[in-house]
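In TrEMBL this protein carries:
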- His537: active site, proton acceptor (ACT_SITE)
- Lys130, Gly196, Thr222, Gly223, Ser224, Asp401, Met407, Leu408, Ala409, His410: FAD binding site (BINDING)
- Gly259, Ser260, Gly261, Tyr262, Ile263, Gly264, Leu265, Glu266, Glu282, Gly355: NAD(+) binding site (BINDING)
- 84-416: domain 'FAD/NAD(P)-binding' (DOMAIN)
- 435-546: domain 'Pyridine nucleotide-disulphide oxidoreductase dimerisation' (DOMAIN)
Amino acid sequence: MQSTLSLSFSPSSSAAAVSRSHTTRFSLNTSTPLNLRFCGLRPQALAFNASGNHRSSKLPSRPRSQAISAALSANGSPPKFFDYDLLIIGAGVGGHGAALHAVEKGLKTAIVEGDVVGGTCVNRGCVPSKALLAVAGRMRELQNDHHLKSLGLQVSAAGYDRQGVADHAINLASKIRNNLTNSMKALGVDILTGFGKILGPQKVQIGSSDKIVTAKDIIIATGSVPFVPKGIEIDGKTVITSDHALKLEFVPDWIAIVGSGYIGLEFSDVYTALGSEVTFVEALDQLMPGFDPEIGKLAQRVLINPRNIDYQTGVFASKITPARDGKPVRIELIDAKTKEPKDTLEVDAALIATGRAPFTQGLGLENIDVVTQRGFVPVDERMRVIDSNGKLVPHLYCIGDANGKMMLAHAASAQGISVVEQVTGRDHILNHLSVPAACFTHPEISMVGLTEPQAREKGEKEGFEVSVAKTSFKANTKALAENEGEGLAKLIYRPDNGEILGVHIFGLHAADLIHEASNAIALGTRIQDIKLAVHAHPTLSEVLDELFKSAKVKAHASIPVSEPVAV
């Protein structure tokens with residue numbers, strides 16, 4: 001069910017920025033900057049503090065619950081009094097977003113972190129990877145003589161310092177991590193160090209000590225780790241995951257990337273910009289699985305074919321042996337369908353980009369009769385945890401990668417905010433079809449909602465027509481001014497009532513452009529209404545303006561857009 005709630009906070013409230021994918025509209029009366037987000041992070045992560053005009057004031061909390069000392073002998077029954085209103089296990093982007101929203105709601109909040117604050121996104125994911133991709137983008141610009149000459153520019157040969165590039169990524173992650181920590185402490189969030197283990201209803205053990213805390217409500221937000229298939233030996237030097245690659249300890253002459261999804265594509269952009277030759281190893285029959293096929297075809301023509309990249313599709317890497325004793329990395333390939341040996345690659349390095357696996361081991365889920373499904377914690381549409389008998393576990397929620405609904409940092413943050421809304425008395429269900437995603441290659445790829453095949457399948461099942469509209473960046477003045485006309489925007493919609501089913505963009509700043517479509521889906525805005533919106537000229541936003549205007553909605557369409565089913 002889609003929510004269009006309108007909330008109002010008093011000037012004493014701290015920054016109440018919410019994820020751009022959040023379906024709730026907020027009306028705020030405060031001078032604090034509210035809409036600044038970084039890969040799902042709250043504004044406090046970017047060092048807005050008590051000095052100057054950017055204030056971050058601590059909110060008055062509700063009367064604090066009487067604290068008790070829980071005993072292991074009482075694990076089977078919930079306590080009568082609680083140390084905290086809300087306890088969050090995991091201090092990544094999802095846990096951080098939930099914690100700050102809980103403070104805004106007046107909840108006494110604690111967050112448990114067994115590794116480092118910021119989780120995968122800040123330390124080993126979206127933050128350092130975007131730092132590397134920023135370098136890759138600059139290098140591509142400086143190395144593209146044809147592009148520079150077309151603008152009348154002349155630049156001498158471009159080079160880079162590998163350690164300097166690595167330090168840029170490391171320093172950015174450190175800065176954001178420290179800001180996250182300081183912002184939570186300033187707002188009164190207790191940070192408890194150690195791995196959290198659920199002992200029973202509303203009880204969590206912190207680390208290996210005897211320290212046990214109780215909470216009225218608990219959120220699991222433990223995130224994920226790189227998934228490494230069987231037969232692949234990781235040495236952290238020549239056979240690596242994205243965790244290792246972000247340290248950029250060396251730039252190989254030839255690197256194989258196993259998997260051509262988001263992670264693989266972004267690293268192919270980085271490595272080729274820095275001078276590496278790349279070979280993709282993809283188990284499916286086509287590159288870029290998961291993307292809309294038409295967008296994927298265009299992206300392959302621009303991001304792969306002209307670059308120093310080759311690929312093999314329909315093959316598994318059945319065994320990968322790290323380089324040792326002067327021998328290169330050895331990759332044994334088998335046919336994905338027949339499982340027969342097909343080829344052997346010998347390369348300088350191999351990056352395993354085969355996705356991520358939930359980090360849910362050791363959580364003590366057995367103590368509350370919860371059984372994971374392929375490692376994921378089962379939840380309902382409100383992120384409430386479901387036990388082995390199909391019943392809801394009272395006062396226990398799971399958000400982010402650990403539940404597997406949508407493995408994106410900003411989705412985790414939106415889920416956490418949704419949970420806090422629920423525990424403070426306002427029902428809320430996040431519409432995951434309104435959550436955007438982006439791949440930060442050069443140019444970028446972004447998407448929200450359904451792909452064309454998914455939409456047509458849904459239309460066939462539910463008995464409605466599906467139409468498609470497209471616009472090119474080559475018709476956009478701003479893109480042409482920057483000589484970046486390569487790109488396409490695609491709208492998938494219902495012509496009978498104007499419902500937006502999906503939007504996919506490939507082109508300059510696609511990751512920024514997608515949010516107009518995302519918000520339209522979240523708010524249930526129909527195409528016939530958004531056609532009347534005004535866009536500044538000349539801007540890239542006019543790509544979306546032309547896209548919506550080109551859609552052919554039936555003149556009699558006045559049927560309210562159906563509420564999307566939560567997924």
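First residue shown is number 1, and so on along the chain.
Yeah, the Cβs are placed from backbone N, Cα and C, and that goes for glycine too.
Comparing the Cα of Ala409 (FAD binding site) with the Cα of every entry in Ile263, Leu265, Glu282, these being the binding-site residues, the smallest distance points to Ile263. Remark: Thr222 (FAD binding site) has Ile89, Gly90, Pro358, Phe359, Thr360, Leu363, Gly400, Asp401, Ala402 as non-local neighbours, by Cβ distance under 8 Å and separation of at least 6 in sequence. When the alpha carbons of Lys130 (FAD binding site) and Gly261 (NAD(+) binding site) are compared, the span between them is 16 angstrom. Using CA atoms as reference points, the binding-site residues Gly259, Ile263, Glu282 were checked against Ser224 (FAD binding site), and the closest is Ile263.
Listed in sequence order, the residues Ile257, Phe267, Met288, Ala353 complete the 8 Å Cβ shell around the NAD(+) site centroid, once Gly259, Ser260, Gly261, Tyr262, Ile263, Gly264, Leu265, Glu266, Glu282, Gly355 themselves are left out.
Restricting the average to the domain 'Pyridine nucleotide-disulphide oxidoreductase dimerisation' (435-546) gives a pLDDT of 97. Note on the domain 'Pyridine nucleotide-disulphide oxidoreductase dimerisation' (435-546): DSSP counts are 42 helix, 29 strand, 41 coil. In terms of local Cβ density within 10 Å, Gly259 ranks first among the binding-site residues Gly259, Gly261. Looking only at other Cβ atoms within 10 Å, the busiest spot among the recorded positions Leu265, Glu282, Met407, Ala409, His537 turns out to be Ala409. Gly259 (NAD(+) binding site) sits 40 Å from His537 (active site, proton acceptor), taking the C-alpha atoms as the reference points. Counting Cβ atoms from all protein chains shown, Ser224 (FAD binding site) has 23 others lying within 10 Å of its own Cβ. Candidate binding-site residues: Gly261, Ile263, Leu265, Glu282, Met407. Nearest to His537 (active site, proton acceptor) by Cα distance: Leu265. Between the C-alpha atoms of Met407 (FAD binding site) and Gly261 (NAD(+) binding site), the distance comes to 13 Å.
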